[in-house]
Amino acid sequence: MGIFSIANQHIRFAVKLATAIVLALFVGFHFQLETPRWAVLTAAIVAAGPAFAAGGEPYSGAIRYRGFLRIIGTFIGCIAGLVIIIAMIRAPLLMILVCCIWAGFCTWISSLVRIENSYAWGLAGYTALIIVITIQPEPLLTPQFAVERCSEIVIGIVCAIMADLLFSPRSIKQEVDRELESLLVAQYQLMQLCIKHGDGEVVDKAWGDLVRRTTALQGMRSNLNMESSRWARANRRLKAINTLSLTLITQSCETYLIQNTRPELITDTFREFFDTPVETAQDVHKQLKRLRRVIAWTGERETPVTIYSWVAAATRYQLLKRGVISNTKINATEEEILQGEPEVKVESAERHHAMVNFWRTTLSCILGTLFWLWTGWTSGSGAMVMIAVVTSLAMRLPNPRMVAIDFIYGTLAALPLGLLYFLVIIPNTQQSMLLLCISLAVLGFFLGIEVQKRRLGSMGALASTINIIVLDNPMTFHFSQFLDSALGQIVGCVLAFTVILLVRDKSRDRTGRVLLNQFVSAAVSAMTTNVARRKENHLPALYQQLFLLMNKFPGDLPKFRLALTMIIAHQRLRDAPIPVNEDLSAFHRQMRRTADHVISARSDDKRRRYFGQLLEELEIYQEKLRIWQAPPQVTEPVNRLAGMLHKYQHALTDS
């Protein structure tokens, strides 16, 4: 496919984006808004953002959800801007500096919350800065400007949603159904690999792919939830399926690890049974029926606990899968599965990374302020706005540098494109609303195609071009003002990129160490006799951390294996029949406190000291288990955990 070719699957969204822009433009001028540009810009960003992220037409609900986030972020930013102006109107410089800190604070929060919700906080940060900068000549008009901005943005969002609904958005339901079938087959094939106990690298690749696919399925669930309320039952089932899928991965990998020391536990009966290849979900269904008969015949005591647990989880997965596909009423058996353990939310391991993002945003905004005041440039304010936009949006993504480069390319492309519209097209079409709408529809159509291809600079070019062409009421054509705006955008993006390069993010290793220590803490916390604590479901949170570890350290198999071993230890200890008495309960609390100290330690010396203390406590705990005559189901996993911590103590404590 050529660089300028248009694929059939890209046309519908390109028309949708063009429609959203035209609707926003028409409504903006019809209601005599002072700056319809904001409505058009909002419609374009809300519609194109999810398409750029997805690399194609976004699924139903994505545009609507992004629109709601933009409304929330705008209102938070407007309120914050009003509060800052009211409190500091007599000290303009201090007011702008506080706004810079506010933008950094919002970036810090956006780095810690869920990635899909971080957009609202990033927007809240730079919205307040836009308001404070814009009202500098006439501060008394602040409330009016805030209300107008909110109104224009809401109009733009409504237009984007209307265009989305008009062109029958894609439903993700069929993709979810197909993935559920395919995922079950992949789970069975992973168990086959683990029972064969073949090449470790092949097994590592297989479970790593399954972790990614399960995480992707969770993302699909979020999209389905946004799509329509009629999928509420499917959403509940998918949430439980996420835990079941992770349980299947854990039991398969534990089956592999058990054979490293005790291969005789997996009998020939099960080895022969899992030799049968499967290709479809129907094949897996037949095999599971046979497997349940084999277990009923051999008895639970003669069946390895990992295989028994795996079959139970796969059966529940299969039952819920049928419910998701048919979206029928939840029956009593399903309700019993869905009334599972409460999920545990873990503290973010990226606090240092979030603080780096805070300083990047704050310093870049302050640098823009100094540049504006020092040069006295009329478009210094525009440069400041672009700095805030780039840093607020780039920091929450895995590669901020590439986002900044995308904005630089986009603003450079917007200069000649905007020049064409400013000098030729808009002056010749402003007398006719129809011609003006057609001209902007053409812009939206072709850039909509490029956005879906994720062309570098396409998203930045769309936003920057709309931002600099004259879409005010009334239209005024001052070339110097246009040139200042275009150059201000470019300078702002370059300054933001410079700060991102200068303020290095060296938090990767620290984040990795914190993640590994959180796995250790989770394994230690599983040693408890508290009934409520034992019922807590840590599995989704642990695998979410594992997924983050895989993204931070791609290809680092020793780290992944260590993390997976800790997850397996947690699951095994969680179900272990630990003797119930006050002596052990008190010692469990002591070990949890020590594990928390390991995570929160600021220096390597403190971390080593607390980790050494944890190892000593594990030795004492094993002695206590012998005194209280704990069964092998308890002593063996505790012994394995202590051995793992001794083996990897340097990786878990040293920077």
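Every residue, even glycine, has its Cβ placed from backbone N, Cα and C.
Since this is a predicted model, take the numbers as computed values, not measurements.
Features as listed in Swiss-Prot:
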type	residues	note
TRANSMEM	13-33	transmembrane segment
TRANSMEM	38-58	transmembrane segment
TRANSMEM	69-89	transmembrane segment
TRANSMEM	93-113	transmembrane segment
TRANSMEM	121-141	transmembrane segment
TRANSMEM	152-172	transmembrane segment
TRANSMEM	370-390	transmembrane segment
TRANSMEM	407-427	transmembrane segment
TRANSMEM	431-451	transmembrane segment
TRANSMEM	459-479	transmembrane segment
TRANSMEM	482-502	transmembrane segment
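For the transmembrane segment (407-427), the neighbouring stretch richest in Cβ pairs under 8 Å, chosen from 69-89, 152-172, 459-479, is 459-479. Cβ atoms under 8 Å from those of the transmembrane segment (152-172) belong to residues 12, 15-17, 19-20, 23-24, 27-28, 31, 33, 35-36, 38-43, 46-47, 57-61, 63-64, 67-68, 70-71, 74, 220, 223-224, 227 of the same chain, restricted to positions at least 6 beyond its ends. In this chain, the transmembrane segment (431-451) lies close to the transmembrane segment (13-33): three or more C-beta pairs between them fall below 8 angstroms, excluding pairs fewer than 6 positions apart. Beyond its flanks by at least six residues, the transmembrane segment (38-58) meets 9-10, 12-13, 16-17, 20-21, 23-25, 27-28, 66-67, 70, 149, 152-153, 155-157, 159-160, 163-164, 169-170, 440, 444, 447-448, 451-454, 458-459, 462-463, 466-467, 471 of its own chain at Cβ-Cβ distances under 8 Å. Among the stretches 69-89, 93-113, 121-141, the one making the largest number of Cβ pairs under 8 Å with the transmembrane segment (370-390) is 121-141.
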